[in-house]
Amino acid sequence: MYGRYTQDLGTFAKDEAARLRLQQGHGEGGTPRPRRPSELLEYTQGRCAPCRVCALQCQRFLISKVGEDWVFLILLGLVMALVSWAMDFAIATCLQAQKWMYGGLDTNVLLQYLAWVTYPTVLITFSAGFTQILAPQAVGSGIPEMKTILRGVVLKEYLTLKTFVAKVIGLTCALGSGMPLGKEGPFVHIASMCAALLCRFLSLFGGIYENEARNIEMLAAACAVGVGCCFAAPIGGVLFSIEVTSTFFAVRNYWRGFFAATFSAFIFRVLAVWNKDEETITALFKTRFRLDFPFDLQELPAFAVIGIASGFGGALFVYLNRKIVQFMRRQKTINRFLMKKRLLFPALVTLLISTLTFPPGFGQFMAGQLTQKDTLVTLFDNQTWARQGLSDEFEYLGILEAWRHPRVNVFVTLVIFILMKFWMSALATTIPVPCGAFMPVFVIGAAFGRLVGESMAAWFPDGIHTNSNTYCIVPGGYAVVGAAALSGAVTHTVSTAVIVFELTGQISHILPVMIAVILANAVAQSLQPSLYDSIIRIKKLPYLPELGWGHHEKYNVRVEDIMVRDIRYVTLNCKYRDLQHVLHSTKMKSLPLVESAESMILLGSIERAQVGALLCHQLSPQRRLQALRQKALAEDGHRLSDASIRFQVSGVAASGDARPGCPPPPLIPARPCPSLPVPAHGTPARHALTPLSLPAWCQAQGTAYRKAKHVRISITEEMDLGDKMTPAEILEWEEQQLDQLVDFSSAKIDPAPFQLVEHTSLHKTHTIFSLLGLDHAYVTSIGRLVGMVSLKELRKAIEGSLTAKGVKVRPPLASFRDSTTSAGEPDTTALRQLWDRHQHHPIPREAGPGGDDDDAN
């Protein structure tokens with residue numbers, strides 16, 4: 001019924017390319033075209049001809065190789081490594097400046113407080129103002145937007161050079177202020193923008209980078225590079241980018257992500273060695289846990305408790321972050337005030353957090369003077385801070401001194417740190433500056449794991465006895481487990497376990513980390529969406545929620561239960577007035593094209609822009625003027641012929657040299673008048689060439705030119721007078737044009753739009769939409785259009801909401817009950833009618849390899 005393949009697609013493509021090359025080498029009449037001179041011809045002369053030819057061939061080879069994937073990925077990794085290292089250097093300088101200001105004013109506590117508070121407030125305010133002025137799209141993490149872009153949605157101004165500059169400078173200032181903000185999410189956005197800009201630059205060398213599908217593949221690799229160069233974790237970066245940005249991942253992009261992320265992480269660490277920050281290429285937060293016996297099996301319940309508690313904590317963090325944003329938006333008074341004073345909110349939040357972390361003040365109970373990097377270094381320390389609950393028994397060295405307080409023990413300090421940093425991070429991530437939330441959550445999880453580890457060390461001061469061997473408990477291992485569990489719960493990812501292994505350089509705690517991360521994900525996914533999905537919902541970006549667990553009834557709900565039945569469509573025999581009505585009555589970006597209103601056979605889909613172009617062309621002023629000119633030419637044709645006759649007679653009389661046997665004179669082409677444009681189809685107007693019969697034209701050239709000019713001026717004046725129409729006449733002409741049938745020959749029609757049958761289950765529909773990145777699909781029954789399903793209907797059906805605009809989910813078992821019966825009577829009748837119709841029209845079949853011999857047999 002649908003035909004069959006008689007030739008392999010690759011063979012057919014090669015044959016077709018050879019035919020086109022042969023056709024280009026010959027003219028339309030079959031005569032060979034003259035060969036163009038070779039581009040190397042000018043280089044084959046002279047003494048240095050071989051060198052010139054070799055240089056030109058090398059140049060062409062290099063330009064062609066620029067279009068290769070590995071060159072693009074190397075450039076992407078190199079640029080992102082340089083950007084990451086430069087930003088880390090600038091951030092460290094800013095943080096060191098704050099410490100220098102704080103330490104230089106130790107004689108006056110008030111001046112210390114002013115310096116401690118003013119410095120981050122100025123940086124955050126500058127970051128917010130600079131981002132708002134240059135590119136507001138740079139605000140926030142960037143992962144939710146990239147998840148939407150990779151799904152096929154076009155977001156304007158999110159991958160431009162202006163946004164790149166705003167993101168880099170704004171993020172540097174935000175992180176240099178010392179606020180509890182992260183850089184992983186913004187780096188995914190920065191790497192994606194860098195990839196998009198590189199694609200535009202390399203498109204100058206090869207058109208392959210103008211391919212939309214290829215750009216999507218490069219953006220997927222760029223997301224892995226962003227995480228890889230941020231933490232020097234290429235493997236975890238690739239896995240993390242897949243989990244947070246893709247529902248379905250193309251395996252062909254796997255090597256691209258690993259190649260670019262590995263190269264970027266390598267250059268990032270080499271730059272650290274070159275700057276003498278490290279002696280050699282090592283992990284970013286290297287730990288030294290014992291490898292012979294890292295943990296005891298009896299400690300696994302404690303690790304499981306960390307995972308479950310982190311799951312609840314991650315869900316609470318996402319809920320708190322969303323509620324803060326919704327509160328700011330729902331309070332109209334506060335929202336209106338903050339819209340006028342855009343820089344006031346980030347300044348107030350920074351002032352509050354800086355005040356609470358002031359080291360001589362409340363910050364002494366929460367290690368307020370430590371940066372995020374120093375905090376992680378201390379939390380991953382493999383020594384026990386407290387034994388039997390007494391903090392003074394441990395000798396604090398270096399930056400560990402920040403966790404010691406003369407009046408309270410380390411448990412109180414860790415509890416205060418966790419509680420304060422929890423709500424501070426949830427509040428700080430709502431500031432309108434480029435920032436992420438991964439790193440603050442990672443630090444909070446490490447602190448929680450450290451608290452459990454210190455508690456276990458206090459409960460078992462001599463360690464857990466196993467087979468007459470005693471091994472002390474290492475609280476640093478608990479901190480690693482807690483960091484991976486809480487960050488995995490907030491982002492709904494498992495790859496945080498791999499990131500932790502690459503950050504610490506050890507996989508000794510691989511089993512506890514995996515157990516805790518899986519349990520944390522199980523708890524968090526059942527309570528709240530991920531942080532990135534929550535931001536997508538807050539910003540109202542196009543998204544498709546997951547089906548979740550335990551939604552088995554979604555297999556019984558069908559497309560016919562959720563589709564929109566009342567949709568606007570375009571028929572093949574419609575008029576331009578119908579197109580105008582459809583454009584005014586709907587805002588759909590794509591309109592279905594059906595055979596007729598009676599049959600409703602779906603023929604394809606046409607874009608809204610194409611429909612508008614057809615309507616504008618039909619009612620364009622050019623067509624109106626062209627119709628007027630044709631009408632004026634028809635009316636004035638007799639007058640123009642008389643003028644030509646009089647002109648010929650006068651020309652003969654002026655010459656005085658006319659002979660009966662003289663050959664006919666040449667035709668003088670008249671210059672086309674500026675007021676008479678050439679029609680759209682390419683043929684000149686009827687009066688563009690004026691044949692002037694001028695015998696003995698050599699002797700009377702001046703007289704002929706003057707008279708021809710006089711005739712052209714009179715024609716122009718008449719046409720200009722004819723172009724003037726009253727509004728009533730224009731309206732009458734447009735009404736006549738709207739009543740004509742639509743000519744779809746010049747329109748771009750998609751002959752194969754995505755279609756679903758009405759009995760398709762909701763689960764299969766969700767899979768198709770997620771896999772193909774669809775935003776809508778037409779629902780057909782035996783080829784007839786019966787409805788349409790878009791992301792909006794699918795999302796509401798999954799979330800279980802009901803609306804009054806055609807989206808009404810039937811009871812879960814309704815379709816299941818219907819499926820137990822046979823096909824309905826309307827479907828059977830339609831099938832019988834379709835069969836009767838095609839009985840009288842035999843289906844054309846493709847001839848077999850044997851030609852007509854099969855029919856003869």
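One is the number of the first residue shown, and numbering goes on along the chain from there.
For all residues, glycine too, the Cβ spot is worked out from N, Cα and C.
A TrEMBL annotation is a machine prediction, not a hand-curated record.
Copied from TrEMBL, the annotated features are:
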type: TRANSMEM; residues: 70-92; note: transmembrane segment
type: TRANSMEM; residues: 113-135; note: transmembrane segment
type: TRANSMEM; residues: 187-206; note: transmembrane segment
type: TRANSMEM; residues: 218-242; note: transmembrane segment
type: TRANSMEM; residues: 254-274; note: transmembrane segment
type: TRANSMEM; residues: 300-322; note: transmembrane segment
type: TRANSMEM; residues: 343-362; note: transmembrane segment
type: TRANSMEM; residues: 410-431; note: transmembrane segment
type: TRANSMEM; residues: 438-460; note: transmembrane segment
type: REGION; residues: 815-857; note: region 'Disordered'
> Would you call the transmembrane segment (300-322) and the transmembrane segment (187-206) in contact, using three or more Cβ pairs under 8 Å, pairs 6 or more apart in sequence?
Replying inline: no
> Hey, which bits of the same chain come close to the transmembrane segment (343-362), Cβ under 8 Å, at least six residues off its ends?
Replying inline: 102, 109, 112-113, 116-117, 120-121, 124-125, 127-129, 132, 177-180, 328, 337, 368-369, 420, 424, 427-428, 430-433
> Out of 70-92, 187-206, 254-274, 438-460, which stretch has the largest tally of CB pairs under 8 angstroms to the transmembrane segment (218-242)?
Replying inline: 254-274
> Between the stretches 187-206, 254-274, 438-460, which one has more Cβ pairs under 8 Å with the transmembrane segment (70-92) than any other?
Replying inline: 254-274
> Cβ under 8 Å to the transmembrane segment (438-460), counting only same-chain residues 6 or more beyond its ends: which ones?
Replying inline: 180-185, 299, 302, 305-306, 309-310, 313-314, 317, 372, 375-376, 379-380, 384-389, 410-411, 414-415, 417-418, 421-422, 425, 428-429, 472-487, 490-491
>> Using a Cβ cut-off under 8 Å, which residues of the same chain at least 6 positions beyond either end of the transmembrane segment (187-206) come close to it?
In response: 63-64, 66-67, 72, 75-76, 79-80, 83-84, 138, 141-143, 145-146, 149, 158-161, 163-164, 167-168, 171, 214-215, 218-219, 221-223, 225-227, 229-230, 241, 244-245, 436
